[in-house]
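Only one structure is covered here, and it is reproduced in the block below.
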Amino acid sequence: MTAPAELSPTLQLACDLIRRPSVTPVDADCQAQMMKRLGAVGFQLEPMRIEDVDNFWATHGNQDGPVLCFAGHTDVVPTGPVQQWQHEPFEALIDADGMLCGRGAADMKGSLASMVVASERFVQDYPNHRGRVAFLITSDEEGPAHHGTKAVVERLIARNERLDWCIVGEPSSTTLLGDVVKNGRRGSLGAKLTVRGKQGHVAYPHLARNPIHLAAPALAELAAEHWDEGNAFFPPTSFQISNLNSGTGATNVVPGDLIAVFNFRFSTESTVEGLQARVSAILDKHELDWSIDWALSGLPFLTEPGELLDAVSASIKGVTGRDTQPSTSGGTSDGRFIATMGTQVVELGPVNATIHQVDERILASDLDLLTEIYYQTLVRLLA
């Protein structure tokens, strides 16, 4: 284990944040530590407590010129069985292999530390930089995400805040730091479908209507449907059934209804309204007695090659020597809320191989490299 005195400023802050057990939506004073550091170098701080969620918005600079925002979350997912961890989940130690171990190391307290240290250095090196450096931080990303970034963005829009570029510190890298950045995400549309039949005795099927038998052909057709072709930036839209429930538990009772939960991860080639209409048409074709509750988690967004992606790519190349690969794969992130401001959004963070797992860990030295990548991006865009 590396002694604290030997740690870089980024690693010292990362360890401090990891040692705070901020399981969503608890912040455990992580944001207070970040704001203390940012305030010391001249950032204007605006805490935003919304319901049970801590958020903050911070800016440095002037209203003239573009805004580059660092966005992220201080909350982490639960540890799972603590006894399965090699080390205490919130101990934040660097092992003999040089790995920083602890819940949140990759997702995403390491990124938060790199953002803070890079910004401290930038505003000290360029006190009269153009535009503004901003932070949008929440403790509600791993949970429902109702009172976090989404709510803060709504407030920013209401007061006409400008947000040109945003780097979200999600762990985007796959094998090596910076090998992949996320320049967009698919939309997520969920549904809970109820198909109604008529309960009865299995020995008297003519007196019942089995919703399992009735729904099966429609569900099979939905699963086989080709929703779109995707495009140069997005794979084709996917449909997956995640839950299927029916029956009373008794073996001699035809159930009265069936509930199916499914999800679309959709590209920019499809719309919410279009997907909903096609689902309705298939269900009606099979003459089902049905109802459905839809839940939109986020629309797809895409940052095409331009100032932000170019600056991030050049910084990764300059620091690591490798070319990055833009990607829109994976799940949703808070970038979907920020993109509604017309903002160019890129996700760039550590290797994601162990996120949400027991023994979450990243290469400790990657965080100093990530700090330099963030710093170089600031220089390219705002110096």
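Note: Cβ is positioned from N, Cα and C throughout, glycine not excepted.
Taken verbatim from Swiss-Prot:
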{"type": "BINDING", "residues": "HIS73, ASP107, GLU170", "note": "Zn(2+) 1 binding site"}
{"type": "ACT_SITE", "residues": "ASP75", "note": "active site"}
{"type": "BINDING", "residues": "ASP107, GLU142, HIS356", "note": "Zn(2+) 2 binding site"}
{"type": "ACT_SITE", "residues": "GLU141", "note": "active site, proton acceptor"}
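Overlay of Swiss-Prot annotations on the structure.
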{"residue": "HIS73", "record": "Zn(2+) 1 binding site", "contacts (Cβ under 8 Å, 6+ apart)": "MET108, ILE137, THR138, SER139, ASP140, GLU141, GLU142, GLY148, THR149, ASP334"}
{"residue": "ASP75", "record": "active site", "contacts (Cβ under 8 Å, 6+ apart)": "SER22, VAL23, THR24, PRO25, VAL26, ASP27, THR138, SER139, ASP140, GLU141, GLU142, GLY143"}
{"residue": "ASP107", "record": "Zn(2+) 1 binding site", "contacts (Cβ under 8 Å, 6+ apart)": "VAL76, VAL77, GLU170, PRO171, GLY349, ASN352, ILE355, HIS356, GLU360"}
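Listed in sequence order, the residues GLY72, MET108, SER111, GLU141, GLU142, VAL168, GLY169, PRO171, SER333, GLY349, ILE355 complete the 8 Å Cβ shell around the Zn(2+) 1 site centroid, once HIS73, ASP107, GLU170 themselves are left out. Of all the recorded positions listed (GLU141, GLU142), GLU141 sits in the most crowded Cβ setting, with the most other Cβ atoms within 10 Å.
For the Zn(2+) 2 site, the Cβ centre of ASP107, GLU142, HIS356 serves as reference, and the other residues of the chain with Cβ at most 8 Å from it are VAL76, VAL77, GLY104, MET108, ILE355.
In three-state terms derived from DSSP, HIS73 (Zn(2+) 1 binding site) belongs to an extended strand segment.
For the binding-site residues GLU170, HIS356, the ranking by surrounding Cβ atoms (within 10 Å, all protein chains) places GLU170 first. Secondary structure from DSSP puts ASP107 (Zn(2+) 1 binding site) in a helix. A coil conformation is recorded for HIS356 (Zn(2+) 2 binding site) in the three-state DSSP classification, outside any helix or strand.
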